[in-house]
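Below you'll find the structure, written out as structure tokens, and then a few comments.
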Amino acid sequence: MPPGGGGPMKDCEYSQISTHSSSPMESPHKKKKIAARRKWEVFPGRNKFFCNGRIMMARQTGVFYLTLILILVTSGLFFAFDCPYLAVKITPAIPVVGGILFFFVMGTLLRTSFSDPGVLPRATPDEAADLERQIDIANGTGSGGYRPPPRTKEVIINGQTVKLKYCFTCKIFRPPRASHCSLCDNCVERFDHHCPWVGNCVGKRNYRFFYMFILSLSFLTVFIFAFVITHVILRSQQTGFLNALKDSPASVLEAVVCFFSVWSIVGLSGFHTYLISSNQTTNEDIKGSWSNKRGKENYNPYSYGNIFTNCCVALCGPISPSLIDRRGYIQPDTPQPAAPSNGIAAYGATQSQSDMNISNIPRSNPIPSGSRSRYSSPSAPADQSPAFCLYGVASSEHFT
């Protein structure tokens, strides 16, 4: 081997190692993989997400777990201690019917708790600034100084005047029947109420499942209570009342839980049955939005005037797609939602009203068509676009 032959070899090896470790083609690729995040990870509302954003709940879920425990424990005791005796003495159909009711209750509860209730996306800074600029142009306001957006707008839906309120947190004009939940910090479309028992808001996208949950839970509670009493009566005829209680102490616990809960559950089911039949929400009923006390001309513009039609629309109508792509990836150039206004801007806002006739909007209250928003789901129809929240009230052309 010639002298000094090892030197070039070492240089070659060093050069290969150095080139591999500092390749300009790999480091940006690795950075992109590390920086890739999903939208639910930076979601501005006060929500908790599980299963990579597939499950969406409120942060306060303690009462929800209490609901699960009460249903599971009561039903478990019934199937373990009462059903074997009742299946022999009466009919094997009792545990079968009880099992069907139990699984239906659990399915509707989890569907209500784990789904998007109809959260409206917040405006980006550019969208919020564009909305204020359009309002200034519509009202003829000069651009000499800052003018906060107005508190309300007025639209006419099926002959009834409806106010649209501006949300200073989400920087949008909320569509009809929407409201901002203070617990979840989100504007929810067709907001009904925030239910701690299911650990989520109840709105446009999960109301039918909430109603089916409380209705089926009413049947399950009455079913268990009735057959627990039947079990105790049959045993007491054989061994006496006190001995029957000693032989099946679980029946006593089940009867107590069912007795104290059945009244509120059945009452809640009846109340929401009334709301569905009249096409109202809990929020509207509590506020008395369509009460006759406000005047003879005050009526519910969303009602079809027929109980059967109202129920079919609420329970059998299509479910609108989610407007928040919570499992989508954040693009580097995607603008983030605007920050909430401070207290001075909120309380210093002036009220401005503009009348727009949208009497041809269906009573099921879809968002009027307009330019599609970046938040819209790829499968969302044009009339479900949240662009109405940002720009629709600034110009009547969106309602034609």
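Positions of Cβ are set from backbone N, Cα and C atoms, glycine also.
Among the features that TrEMBL reports, compositional bias 'Low complexity' is placed at 366-385.
For the domain 'Palmitoyltransferase DHHC' (163-287), DSSP puts the residue distribution at 76 helix, 19 strand, 30 coil. Among the features that TrEMBL reports, domain 'Palmitoyltransferase DHHC' is placed at 163-287.
Annotation comment: TrEMBL describes 355-385 as region 'Disordered'.
Sequence annotations record features per position, and here TrEMBL assigns transmembrane segment to 63-81 (among others).
Taken from TrEMBL, the feature transmembrane segment covers 93-110 (among others).
For 209-233 (among others), the entry in TrEMBL reads transmembrane segment.
Residues 70, 74, 77-78, 82, 210-211, 214-215, 217-218, 221-222, 224-225, 228-229, 232, 285, 307, 310-311, 314-315 of the same chain lie 6 or more positions beyond the ends of the transmembrane segment (253-277) yet place their CB under 8 Å from a CB of it. Residues annotated as transmembrane segment in TrEMBL: 253-277 (among others).
For the transmembrane segment (63-81), same-chain residues at least 6 beyond its ends with a Cβ under 8 Å from one of its own Cβ atoms are 57, 95, 98-99, 102, 105-106, 109, 113, 196-200, 217, 220, 224, 227-228, 248, 250-251, 253-254, 257-258, 261.
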